[in-house]
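**Q** When I checked Swiss-Prot for this same protein, it listed these features:
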- GLU128, GLU153, ASP180: S-adenosyl-L-methionine binding site (BINDING)
- LYS206, ASP236: substrate binding site (BINDING)
Amino acid sequence: MPHLHIAEFKEVEIPSSKDGVSFNFIAKNSSHQEEKLISITVDEDEFFLLAIDENSKKLLKSDKLTRPPSIFNVHKALLSYASATCMNIISSNVPQNQKNIHLREVKALKDINYFATTFPKKEKICIEVGFGSGRHLLHQAQNNPNILYIGIEIHTPSIEQLLKQISIKNIENILVLNYDARLFMELVPSNKIDKIYVHFPVPWDKKPHRRVISTAFIEEARRILNIGGTLELRTDSENYYAYSYETFIAFEKTTLHINKNRDIAITSKYEDRWKRMQKNFYDVTMINSEESPELSLEGDFNFSHVKLNTQEVINLYKKTQKFDSGFINFERSYFLDDGAMLRVSMGNFDKPEHLYVIVKENKAYYYPKTPLRSKSNLMAHKLLNGVLCE
């Protein structure tokens with residue numbers, strides 16, 4: 001995580017700008033005075049910097065929830081803020097002079113809104129969930145230039161490594177997304193995808209609810225796969241294989257191909273290591289045979305007239321509201337100069353979204369972006385609207 005270790009935190013003039021970075025407003029945590037969020041705009045990216053101003057720790061870093069795809073814009077924002085306030089930097093992991101030309105402007109890296117607004121219309125599309133080193137994804141893309149590959153990963157170093165290779169090799173048929181694949185699949189149009197690769201997912205033996213393969217995931221895979229499309233699981237965990245097989249076979253109608261220790265054209269560096277250790281590998285490939293109805297969701301993320309005053313909004317901190325398939329949890333509350341802001345987790349129990357909601361002048365809106373359009377998020381928004389506005 002990019003950060004600056006500073007001698008003393010100083011507030012920047014609001015609103016102001018420096019070196020192409022705009023400082024929009026500051027949100028102050030209502031329960032932890034040492035924590036502040038600074039709203040930043042760099043190019044088309046809008047996000048928060050997080051300031052921690054404790055006696056033993058004074059840091060300025062990017063806010064995890066709103067961190068943009070471009071790490072360069074985060075670096076630029078941190079250094080510009082420090083320069084604008086003349087802060088003394090004790091130590092830093094932010095490069096001040098060196099710039100990786102392979103990562104500075106990468107068209108392959110996309111935000112979730114890119115897919116939510118207009119999903120790619122390529123004739124053949126494949127998805128890889130958790131691409132790791134990217135070796136398999138790069139191999140597939142280079143050998144199938146007419147197919148669009150969407151690589152989904154939440155590990156930032158893996159993303160940066162893949163983007164560098166895409167730039168060096170000048171590959172134009174890969175799109176990269178830093179997002180939860182389970183949520184992403186909820187916005188994919190029906191019958192659109194040729195293949196879904198899930199290679200060596202984390203087994204999560206102690207937290208099975210976090211596993212990628214689940215009944216809900218398979219249902220979404222069946223919906224978005226075209227007829228003859230496949231979901232391919234590859235794992236070295238016998239427990240995960242057994243669990244996945246039982247989950248697949250529980251469907252009333254399904255076609256599966258099972259392989260053990262199958263050789264494939266390209267392997268990851270971890271797979272090479274595990275082969276030397278003589279570990280077993282299991283493949284479960286589900287073949288879709290049904291056409292699904294078009295995706296249809298009703299509702300929006302607009303708020304009605306807010307009836308709570310600023311202090312009542314602040315007092316929602318730590319409260320939770322539940323509904324049949326999800327919840328809303330008010331994780332943080334913040335004071336603004338002209339209102340309040342909430343950090344909420346909402347949606348499905350197993351795959352919630354974490355968002356900010358600004359409330360001022362009897363109006364409310366999500367910041368810096370609205371939730372992903374999904375059934376559980378629309379239901380959660382309806383409940384949140386009721387809390388704030390009814």
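Cβ coordinates come from backbone N, Cα and C, glycine included.
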**Q** Would you mind checking how many other C-beta atoms are within 10 angstroms of the C-beta on GLU153 (S-adenosyl-L-methionine binding site)?
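**A** That number is 22.
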**Q** Which ones are near ASP236 (substrate binding site): of the binding-site residues GLU128, GLU153, ASP180, which have a Cα within 10 Å?
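**A** Cα filter at 10 Å returns nothing.
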**Q** Using DSSP reduced to three states, classify GLU153 (S-adenosyl-L-methionine binding site) as helix, strand or coil.
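**A** Note: GLU153 (S-adenosyl-L-methionine binding site) is coil by DSSP, not helix or strand.
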**Q** Sorted by position, what residues of the same chain at least six away from ASP180 (S-adenosyl-L-methionine binding site) have a C-beta under 8 A from it?
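**A** ILE154, LYS351 - these are the non-local Cβ neighbours of ASP180 (S-adenosyl-L-methionine binding site), listed in sequence order.
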**Q** Quick one: of GLU128, ASP236, which of the binding-site residues has the smallest count of other CB atoms within 10 A?
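**A** Comparing Cβ neighbour counts within 10 Å for the binding-site residues GLU128, ASP236 gives ASP236.
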**Q** So around the S-adenosyl-L-methionine site, GLU128, GLU153, ASP180 aside, which residues have their CB within 8 A of the centroid of those CB atoms?
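**A** Neighbours found: VAL129, GLY130, PHE131, GLY151, ILE152, ILE154, LEU177, ASN178, TYR179, ALA181, PHE184.
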**Q** Rounded to an integer, what is the Cα-Cα distance in Å between GLU153 (S-adenosyl-L-methionine binding site) and LYS206 (substrate binding site)?
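**A** Given the Cα positions, GLU153 (S-adenosyl-L-methionine binding site) is 22 Å from LYS206 (substrate binding site).
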**Q** List the same-chain residues at least 6 positions away in sequence whose Cβ sits under 8 Å from the Cβ of LYS206 (substrate binding site), in sequence order, or say none.
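**A** Looking at Cβ-Cβ distances below 8 Å from LYS206 (substrate binding site), excluding near sequence neighbours, one finds none.
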**Q** Could you check what DSSP calls GLU128 (S-adenosyl-L-methionine binding site) once collapsed to helix, strand or coil?
**A** strand
